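This report concerns only the one structure given below.
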Ligand code: HDD
Ligand code: HEM
Ligand code: HEM
């Protein structure tokens, strides 16, 4: 495997990791606000804050890792996406910043003001929506280079069914993943009342999830024939994805093995996400940037891979310690520590 | 129009970095202070060093802001300087990439440290958890500073007709500017944070009277500030010597040193008259030569050696002067405090002394800001010195003006959230109450020490 293939694979895995961890976080924000509206917050919020407080910074680093990594491995992306994304990415930054400061406020602030809870809930939906724009742009047709200047076609972006279907898919997936994770966590914490609520959410969001995935799929076929047929060649990955989805729904419906159900959902997204990514190959931005043209020089590629391996050797034991102390320490989960 | 985007790009970057660096400095320095305080507390078995725990709690809030502004600057580098990142990405991506690992490492252990105060029988284990945090934040500062060093003294590549070749990431990281810059950035961060915490303690003593808790905090932090203040003078001097050797136009601009000459004078403050002659200045004969080469008679290169369009603006003179003067003041104040403390008949906790210590807090942060403005504007007109100008690196996007105000609004909100949350946090939970909760039995020992 050439080093740029290693690079893009690693980055794609990290992006997948971010999507899962961040979805849990973003969706939880929305549910926390929703619980407050429906006056169920006393049950839910304890659960949410115990899980989220220790790990939110780690979630953010996943994101930083992805964008620093992609610029490192593929410096041309900085040029095209950097110029085109100034506005959408700035909006994402601002939303992320509002959300980040929520944790500061929430942990120590005197009272949880309604405005802040609202912002926390709303950013949980708007951030995935604004970040998903980058995926839409990569399909081509929205970023144009003319006379050496790169620009973003706002009108086309806002009138495209593709961009809206991806936005909807992003939001619904966030809610679905998050609800499933919270079911698992509530079950572990033996918090039956919360479990009842979040299990209901998971079942509820399952159907819109699969419908919006189909819609986005159709939209891609209209917009980028090449990408669509590549994905169709990977029909078995997509089939697996649907299979995992059904297993997860069945388990949650039966009210059993929530851990397994969540793993199933992770696999559902893993397979779909890789079918999407492999289908996209070799483009990073259709039709301007391909993986091989954009790749950095060999020395840097090699250096980055070595740094990456070194970094993992350092991080994996540390992450295991973190998980051992918080996520899988039964007493902590139950709120005794 | 063209000029406007470049100016706006600079302004957005300056604003974001100027804001981020406050939290970055805290992020680098405060973990060390927490680590020191917890260690002293364990060694002395003194419960007043619960201050480590209280600092850590405040620290989390500044970290939150540091992380969001850091994420902003990280993305903005590509958004606002796409051409620069396209070139620099090829050569200097390695430390940027490694910096993320350093953050990651720090974030993980910070999470563990914060939520495990009472989970270990042996307090030393908890203290050990602070060390990865200190190391992680130190390395994030080192890595990012190597990137900045690269911009000043580019190395590790060959550029021919727009094509990069023979890239060597390690050489790029360890460019000529790296040693002095890393040294100075680290010591100034530690100094600034020690001063910050000392200033807070002095403020509390002024407000609530001298409790032994705040007195211990003040003593400890001023001692640390004195040590790092002295080292920082040394590192600043190292930086100046580096400039004289490898980036002479930056030093010459700061010193209004127009003609290359031997036995050059150091010029403080003043202004430039119509003929560009320094007026109303304080002149220290030969001192610039000494600052540059440790020798009063050495030759210092002046601005006459450079084409006019390749020299930085002359107002950086004030930035350099303010930074250096503050550097001396910080050391002097902490030294003076201990002199008063040693001389029994003087009171080191008198109101003027405390007021002076309180004022050093903001001064230290001003020095950091002035230092960075000097370092960055002093590189003008280059973004990668000798290879790419700032104007060539900037974006062509027409929406910068709007973004500028959006971010300005964001930083104002963040500053307000940060300050109100911090004050609320400490008001709601005064030291006395916390001490009582933590150590209810040992109540009688309240005033034993000091
Ligand atoms: C508390 C903060 C602080 C204090 C008291 C000082 N500095 Fe400083 N200085 C910085 C904080 C700083 C900084 C923010 O860390 C900078 C900006 C860029 C850099 O490398 O460090 C800096 C840059 C900087 C540079 C430019 C380096 C370069 O661009 O490569 C020089 C020559 C000095 N300093 C010299 C001094 C001297 C001679 C000082 C005292 C007598 C001094 N500094 C005190
Ligand atoms: C990765 C490293 C860095 C990059 C790519 C970078 C880039 C830039 C650019 C492009 C500018 C605007 C052009 C100019 O005025 O010189 C700038 C200005 C500035 N930067 Fe840096 N910088 C870096 C490191 C830092 C660091 C670490 C700090 C401190 C936190 C900093 C502080 C500043 C300040 C205060 C300005 C304002 C200068 C002005 O007023 O124009 N920079 N930087
Ligand atoms: C161009 C300059 C800079 C860039 C691109 C940058 C980038 C970042 C990023 C992306 C983060 C968030 C990381 C996360 O998500 O955890 C961050 C936070 C941080 N940055 Fe910066 N940074 C710059 C300047 C600096 C400087 C000059 C320092 C130190 C002297 C510094 C030290 C830190 C620290 C310690 C944090 C962690 C948050 C905290 O502990 O407060 N950064 N920075």
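Numbering starts at 1 and runs along the chain as displayed.
Placement of Cβ uses the backbone N, Cα and C atoms for every residue, glycine included.
Keep in mind that this is a model prediction, so the values were computed, not measured.
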A:35-54, A:55-74 - the range that TrEMBL marks as transmembrane segment: A:55-74
Proximity of the transmembrane segment (A:6-34) to the transmembrane segment (A:117-144), 3+ C-beta pairs under 8 angstroms: yes
Sequence-remote partners of the transmembrane segment (A:234-253) [C-beta within less than 8 Å, at least six residues beyond its ends]: 180, 183, 199, 202-203, 206, 209-210, 260-262, 264-265, 267-269, 271-272, 274-275, 278-279
For the transmembrane segment (A:80-105), distant same-chain residues with Cβ under 8 A (at least six beyond the ends): 29, 52-53, 56, 60, 63, 116, 119-120, 123-124, 126-127, 130-131, 133-134, 137, 142-143, 145, 149-152, 285, 288-289
Intrachain neighbours beyond the transmembrane segment (A:198-222), with Cβ under 8 angstroms and 6 or more residues off its ends: 31, 44, 139, 161-162, 165-166, 168-169, 172-173, 175-176, 179-180, 182-183, 186, 228, 231, 242, 245, 249, 252-253, 255, 272
